[in-house]
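Worksheet: one structure, shown below.
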């Protein structure tokens, strides 16, 4: 796995080149401007030290005063990346990531060399200190004092360089995307493969309308007033549309909860660092994230972010896994770069309600739970009577956290196309290594009677795998329901599973003049 292993700790070494040329080389490296290219894995880092929670992006090096420093560190296995250089490079290319692998490996080599030199000088300093413990001639003692002083000064400088180099290495490496499942098709979105198709396009014996016209005639929403109050791509829901949103949310939570998922209502403002750790880009150009000015907080684009952070920096018991949540939240997205007829109406908006599923599990079970999430999605949409297809998304369409992702696209007759209504992603340990979420495996045998009290039982901790999937993205499903179940008289038949959540209402009828 590309994200396997621990973040590097200091390792002692006995010999290396003289510290002066190495330190000069390191300082030169730290000062040298390197192009930092944004990828889907990392946000554009802040260009000043006051910006919180930075990641790989354009800017100055990590060494020296006032440099950008990471406010958090992912557990990245640099040795694995170096040992599997070709595979990592292929993965970066196939996912259209701009991660700079050559720079990461260059920095890693410099880090190892500098770390060895620091350890060598520490050993020399300790040796000098030990020599001074006995009775010595004053001239010998004075020589040792001078030698110790010189070693201390050299160490201070090298240790500063090591901190800067470590920061720079971390910032660059955070841009490397997750590994990719071997069965994922390679290429752009057009290379994605249809895995399953449910139902068929409904045939109409009358001229159909899109959801915008239907909503206007049924007085279900108001885009014009929302544009005046909030701006474009906002909307008011009115009348039965309000009931329909609540029905979709309550129905989804009710159905998913039956599968053993714990319901949540999440915070909708989170720290920028949590957004970044989940693999989103709060400060990138054309970011989808709304950042709150003069703060380290953002509005969430999906409940995946606050749910992912709920066990941040925790060690879970293996017996508690899997942890399954179904979360309701409002979501906020800038939709930067979105334009055209394909985005009109409710299809692409800045604020919407969504019900999200999220799972923390053991690594060996994540593929199984991914299949479970896809099945839940398909069962939900099939029960509504929708026609849809499930696609295994190609490498070029995977976000940085996703090891594999399946999208579901439903037929929207008024828009005359399929539109994405959900996705389900297995993120393996990409997010957990950034969020610090591990579990302690249960011991295979009972602890011995003479085991030390308080000593943790079981093997070393491991990072959990995380998965997420959409149960209901309200506006997209509203589009599907209005357009697929419209009648010739302009009414809308409510799918049967939603009727109990709408007070038994079966049909949305045009308002009398």
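Our numbering is plain: 1 for the first residue shown, then up by one each step along the chain.
Just so you know, glycine gets a Cβ as well, placed from its N, Cα and C.
Checking the ranges 417-437, 438-458 against TrEMBL, the region 'Disordered' annotation falls on 438-458. Looking at 41-68, 69-96, the stretch flagged in TrEMBL as region 'Disordered' turns out to be 41-68. TrEMBL lists coiled coil at one of the ranges 104-161, 162-219, namely 104-161.
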